[in-house]
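Colleague: Pasting a structure here, questions to come.
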Ligand SMILES: CC(=O)N[C@H]1[C@@H](OP(=O)(O)OP(=O)(O)OC[C@H]2O[C@@H](n3ccc(=O)[nH]c3=O)[C@H](O)[C@@H]2O)O[C@H](CO)[C@@H](O)[C@@H]1O[C@H](C)C(=O)N[C@@H](C)C(=O)N[C@H](CCC(=O)O)C(=O)O
Ligand SMILES: Nc1ncnc2c1ncn2[C@@H]1O[C@H](COP(=O)(O)OP(=O)(O)OP(=O)(O)O)[C@@H](O)[C@H]1O
Ligand SMILES: N[C@H](CCC[C@H](N)C(=O)O)C(=O)O
Ligand SMILES: [Mg+2]
C-alpha cells in the first residue's frame with residue numbers, strides 16, 4: 001500500500017517526499033523498523049518517539065509519521081506531519097489491515113474490575129453457542145483454541161488490527177476485548193469499530209497515571225463517547241457512574257442492575273461456595289461462579305449476548321455451565337482441607353469484594369489468612385487502603401511483594417503498613433519474599449482455614465527490576481501444602 005493510500009481520510013498538516021512510497025509494515029518502535037516500515041513517532045510517558053526518528057531512518061524506514069517535522073529531513077524518506085500521531089495511528093492501522101473491526105462483532109469491556117472476567121465469559125459463551133470467537137484480554141489473547149500471549153490488557157492499535165485480521169482468517173464472527181483506561185487515553189482503540197461497549201464499575205485505581213478520579217472517569221467515558229450509533233452501550237447502573245458513561249454516547253443506551261429497573265434486571269437468590277443462584281428475566285438459574293461481584297459479570301454478559309441477537313434461554317443455559325477465568329477465585333485445597341484461594345484482586349474494591357465473599361461463605365470459626373502486596377510503579381495511594389481492608393476482614397494478614405518492578409519492595413511495604421490500624425499490628429506480618437509469605441501462611445493454617453493469596457491471579461512471574469522471575473501463586477501454594485504434609489515446614 002502506498003503512503004498516499006494509507007492516509008485516506010487522515011487530516012494532514014504537511015508532507016515531504018514521495019507520496020507513492022510503498023509501506024508494508026507499521027510500527028511505533030524504532031527498534032522494529034526496517035525497509036518498507038512506516039515509523040509512527042508518539043510522545044510517551046517516559047520518552048518521546050520523535051527522538052528516535054533518525055534511528056528509524058538509519059534502519060531503512062520508508063516513511064515517518066510525526067507531529068513535528070525534523071530539521072534536516074532525509075530526501076529519500078517520506079515525512080507526514082499530523083496533529084496527533086497516536087490518534088492517526090489508529091486510522092492508518094485500520095486502513096492498512098482493511099478495517100477488520102467492521103467485519104466482525106467487536107465488543108469492548110471497560111471498568112476498574114471485571115473486564116477480564118466479562119470478556120472471557122463472553123468468549124466462552126459464544127464458543128459454546130457455536131461461533132468462532134476471538135478474545136483480547138489481560139490473561140491472554142485467543143482465536144478459538146489458539147492462544148497468543150498478551151503483554152497488555154489492551155494492546156496497541158496496530159497489534160489489535162493484526163489480531164482481528166487473524167481472527168477473520170479463522171472465520172471468527174465475534175471478538176470480545178478489554179478496554180483499559182490507559183488504552184483510551186493513549187488512543188489504543190482509535191479507528192476501531194465497536195458493535196458494543198460494556199461498563200462494569202469504577203473504583204480507585206491508576207491515579208498515578210490519570211492524576212485525579214475525575215480524569216479516570218473521563219477516560220472510561222471516552223470509550224462510550226467514541227461508540228457509533230449502531231453500537232450498544234451497556235452499563236451497570238448500580239454503579240453511581242454508570243449513567244455518566246451514557247451521557248454523551250451516540251450508541252443505544254442499555255443497562256443492567258441487581259437493585260433497580262434496568263434493561264436487564266437480575267436478582268441474587270443465593271450465594272455459596274458452590275456458586276450463585278439468580279433470577280434473570282424471570283428465570284431461575286444456577287451458576288458456577290462465586291461471589292456477588294460475579295452476579296454483575298453474569299448480568300453484563302447475559303445482556304450483551306441478548307443485545308447481539310442471541311436467544312435469552314439458550315444464553316442462560318450455556319452461561320450456567322461456565323467456569324471462571326484462571327486466577328479469579330481459583331481454589332487450591334490441601335489434603336488437610338486448608339482452602340487456598342488465588343484471586344487477581346489488586347484494587348481496594350476487588351480486595352474488599354473477595355474478602356466479603358469469603359467472610360460470607362465461611363462456615364464457623366475458620367480463620368481467614370490474607371496474603372497481599374501492591375505493585376511497584378503503580379498507584380501508591382491504594383497501598384495503605386488495601387492493607388487496611390485486608391486487616392478488616394482477616395484474622396491474620398501477611399503483607400508481601402507483588403511485582404515491585406523498579407521500586408524498593410520494603411518502601412512499598414512501609415506504605416502498606418501505614419494503613420494497618422494499631423489494633424491490628426499483632427495480627428500483621430511483613431515478609432517481602434512472596435514464597436516465604438505463602439509458606440508462612442500455610443504453616444499457620446489449620447484444616448478448613450482459608451488462605452487468600454491476592455493480587456497476582458493468573459500471573460506466572462514476579463517482576464523485580466525489569467526481570468520477570470518465574471512465580472505462580474497456585475504452584476507455590478501447592479508446594480507449600482506438600483511441604484507441610486511432609487513436615488518440612490515448621491508448624492506453630
Ligand atoms: C504507562 C503506559 O501505559 N505506557 C505504555 C506506553 O509507553 P510509554 O508512553 O511509556 O512509551 P515511552 O517509553 O515513553 O516511548 C514513547 C514512544 O517511543 C517509542 N520508542 C521508545 C524507545 C525506543 O528505543 N524507540 C522507540 O521508538 C515507543 O515505542 C513509544 O511509542 O506505550 C507503550 C506502547 O504502546 C506501552 O507498551 C506502554 O505500556 C507499559 C509497558 C505499561 O506497563 N503499561 C501499563 C500501565 C498498561 O498499559 N496497563 C493497562 C492495564 C491497566 C489496567 O486496566 O489495570 C493495559 O492496557 O495493559
Ligand atoms: N464485577 C466485578 N466487580 C468488582 N470486583 C470484581 C468484579 N469482577 C471481578 N472482580 C474482582 O476483581 C479481580 C480482577 O477481575 P478481572 O481480572 O476480571 O478485572 P479486570 O478489570 O480485567 O482487571 P485488570 O484491570 O487488571 O485487567 C477479580 O479477581 C475479583 O477479585
Ligand atoms: N493491569 C494491572 C495489573 C496489576 C496486577 C498486579 N499484580 C500488579 O502487578 O500490580 C496493572 O498493570 O496495573
Ligand atoms: Mg483484565
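In case you wondered, yes, glycine gets a Cβ from its N, Cα and C as well.
Remember, TrEMBL labels are computer predictions, not curated facts.
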Colleague: Please pick, from 378, 435, the residue that TrEMBL records in the meso-2,6-diaminopimelate site together with 402, 403, 404, 405, 455, 459.
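Modeller: For meso-2,6-diaminopimelate, TrEMBL names 402, 403, 404, 405, 455, 459; of 378, 435, the listed one is 378.
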Colleague: Over the span of the domain 'Mur ligase C-terminal' (327-457), count residues by DSSP class, listing helix, strand and coil in order.
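Modeller: Helix, strand, coil within the domain 'Mur ligase C-terminal' (327-457): 52 helix, 27 strand, 52 coil.
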Colleague: Near residue 117 (ATP binding site), which residues of its chain come within a Cβ-Cβ distance under 8 Å, counting only those 6 or more away in sequence?
Modeller: 294, 297, 324, 325, 328
Colleague: Checking the binding-site residues 113, 116, 402, 405: which ones have Cβ within under 6 Å of ligand 4?
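Modeller: Correct list: 116.
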Colleague: Note down the number of other Cβ atoms within 10 Å of the Cβ of residue 112 (ATP binding site), including every protein chain shown.
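Modeller: Excluding its own Cβ, the number within 10 Å is 22.
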Colleague: Could you give the maximum C-alpha to C-alpha distance in Å for the residues 378, 402, 403, 404, 405, 455, 459 that bind meso-2,6-diaminopimelate per the record?
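Modeller: About 16 Å separates the two most distant Cα atoms.
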